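A.B. asks: Pulled the feature table from TrEMBL, pasting it below:
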{"type": "TRANSMEM", "residues": "32-53", "note": "transmembrane segment"}
{"type": "DOMAIN", "residues": "35-533", "note": "domain 'Major facilitator superfamily (MFS) profile'"}
{"type": "TRANSMEM", "residues": "119-138", "note": "transmembrane segment"}
{"type": "TRANSMEM", "residues": "150-171", "note": "transmembrane segment"}
{"type": "TRANSMEM", "residues": "177-206", "note": "transmembrane segment"}
{"type": "TRANSMEM", "residues": "218-237", "note": "transmembrane segment"}
{"type": "TRANSMEM", "residues": "243-263", "note": "transmembrane segment"}
{"type": "TRANSMEM", "residues": "343-363", "note": "transmembrane segment"}
{"type": "TRANSMEM", "residues": "383-401", "note": "transmembrane segment"}
{"type": "TRANSMEM", "residues": "413-432", "note": "transmembrane segment"}
{"type": "TRANSMEM", "residues": "438-463", "note": "transmembrane segment"}
{"type": "TRANSMEM", "residues": "475-497", "note": "transmembrane segment"}
{"type": "TRANSMEM", "residues": "509-529", "note": "transmembrane segment"}
Amino acid sequence: MTTDGKTDHHSRRGNPPGISVIRRIRGKDWSFNTYSYVVLLVTFIAYTCYHASRKPSSIVKSVLYPEPNRINTTGTGYDSPWPIGDLFVKEELVSYNDVLKRGKHSKGWEPFNDEDGTLKLGAIDVAFLACYAIAMYFAGHVADSWDLRLFLSTGMIGSGIFVGLFGVGYFCNIHVFWFYLVMQMLAGLFQSTGWPSVVAVVGNWFGKKRRGLIMGIWNAHTSVGNICGSLLAASVLEYGWGWSFIVPGGFIFLGGIMVYLFLPAYPEDVGFSSPNSSAVKPVGVPEDQAVEVVTGPNDVEAQRGDEIIVVNEQSNVKPQIASANRKSIGIVGAWRIPGVQQFAFCLFLAKLVAYTFLYWLPFYLSQTAIGGEYMSVKSAGNLSTLFDVGGIVGGILAGYISDKLKARATTATSFMFVAIPSLILYRIYGSISKNINIFLMIIAGLCVNGPYALITTAVSADLGTHSSLRGDSRALATVTALIDGTGSLGAALGPLLTGFLSKFGWDKVFGMLIICAAGAGLCLSRLVVNELHEKFSHRTVSARDNVEALASQPLLSGQR
């Protein structure tokens, strides 16, 4: 802080360039609430871009490795992708002469079209996810130590470059396996910047009171990204599978530029105090005149923009607390926060299930007869988006229920156990008809993605502002990275196991998913017992107090 009451720029990071321009045009600043909405919107779009850029590999699997006994074609009637065009389009039957005319493009893409094709496809998935998971452990700590806006925008631009380069292999006629493997590994490294950064940014602006519902709605970006990625990749597939990577890659590249221009990562950087602190001390205001905000470290509702704006208008100064002055917590310290380990291991199994659907559901649909008919690759990609529609509902529902019950572990466990019968029903009855498949897929998406969304958002943010930190550390990104990094190891393992087990039949794959869903629920059993014990103990104490109050009433009346 300088002697004239202005913020020292060495202790504060600058405003995003786009917001600075808007400030100059408007001639005044936004309110705290407006900034909060901007943060939600920009981070929503940012992570939508991340997930959209992960979907192409699942869409093109059946093009790179068509089933030996059947030829996938784009067929007719694909002028417009779903939801504009048809959702289901039957696979076009082709004659032997047509196969000879189409040459290599009808027989897959070397090196993925041999008998080990599914294993190679699984290998590039696991290469991406393994690098993503390992880098995630370090990305969170770096994000807590560096400028989140720059860290996030750099990751998005880098991701766009390497996702696009994977698609360039089609146009350059590259048939070397290691090229595609390296591109996926580098893309995974840059993708690890996303999740810890966006959760940390949102956690910086929102406290705990309604965090489950807010983040449940906000976390729809995961499913929206999957849907957008599927539709983008499928819509350009007929022009060559390379475009299915280049278009989503360009999408996230542009998103990175948007983040750099418009994302205020910390309230302090635009003149407000954090909702995770309990006092506002503006620059230039004496210590004894600091404004005390009646809120705990986890109450967002009490700290609104109005109180802060009043202070700024009266004193024409900004809060002193600067994001650069906070210190980040170490990885070991974050791992010791109560609850981090249990939720991390739960997410390992929950994300294994979710990412198996993310990477293999379109392939499964294209290889499975539904109502006695096989669908095209493009239709399989369209249909798979409905799993994410259920995921959107599941994330919001899980967040809302956990807020009402004030029991994150109980909510997540309940969803995981309900996911077990939903997976069984989808495998047994999903092939009967298209309508039944759609209904059961949405239910499965709701049950699988609900706890996954809850743990990676509200739970991670809660633990990143845990009371054991005493408000003196910036741990949101580190805790989020630890939990999601562990989960991503499971996400890497799931597609790899699926590539191996699918050779022995899809029943084996679904059996693996059911076992993992049950294990995920059991990981939180201790926390569930603690939550239930706390709730029943609280009710017992409240009931005893009420009885004592009622018993004392006649005595008090007699004394009057």
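Glycine residues also receive a Cβ, built from the backbone N, Cα and C atoms like all the rest.
Unlike curated records, TrEMBL annotations are generated automatically.
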A.B. asks: I'm a bit unsure how to read this: which one of 119-138, 150-171, 177-206, 218-237, 383-401 has the highest number of Cβ pairs shorter than 8 Å with the transmembrane segment (475-497)?
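C.D. replies: That would be 119-138.
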A.B. asks: Taking residues 6+ outside the transmembrane segment (150-171), which of them lie with a CB under 8 Å of any CB in it?
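C.D. replies: Result: 46, 49-50, 53, 56, 109, 139, 142-143, 179-180, 183-184, 186-187, 189-194, 197-198, 201, 240-246, 248-257, 259-260, 263, 265.
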A.B. asks: Sequence-remote contacts (6 or more beyond its ends) of the transmembrane segment (509-529), Cβ cut-off under 8 Å?
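C.D. replies: Distant contacts of the transmembrane segment (509-529): 339, 342-343, 345-350, 352-353, 356, 360, 364, 407, 409-410, 412-413, 416-417, 419-420, 423-424, 427, 448, 451, 490, 494, 497-498, 501-502.
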A.B. asks: Over the domain 'Major facilitator superfamily (MFS) profile' (35-533), what does the predicted model average in pLDDT?
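C.D. replies: In the predicted model, the domain 'Major facilitator superfamily (MFS) profile' (35-533) has a mean pLDDT of 79.
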A.B. asks: Go through the chain and flag residues at least 6 beyond the ends of the transmembrane segment (413-432) whose CB is under 8 A from any CB in it; none is fine as an answer.
C.D. replies: 346, 350, 353, 368-371, 394, 398, 440-441, 443-444, 446-448, 450-451, 454, 506-507, 510, 513-514, 517-518, 520-521, 524-525, 528
A.B. asks: Are there residues at least six beyond either end of the transmembrane segment (177-206) with Cβ under 8 Å to its Cβ atoms? List them, or say none.
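C.D. replies: Distant Cβ neighbours of the transmembrane segment (177-206) are 35-36, 39-40, 43, 46-47, 50, 53-54, 57, 111, 120, 123-125, 127-133, 135-136, 139-140, 143-144, 148, 151-152, 154-156, 158-159, 162-163, 165-166, 169, 214-215, 218, 263, 265-267, 274-276, 300, 456-457, 460-461, 464-465, 476-478, 480-481, 484-485, 488.
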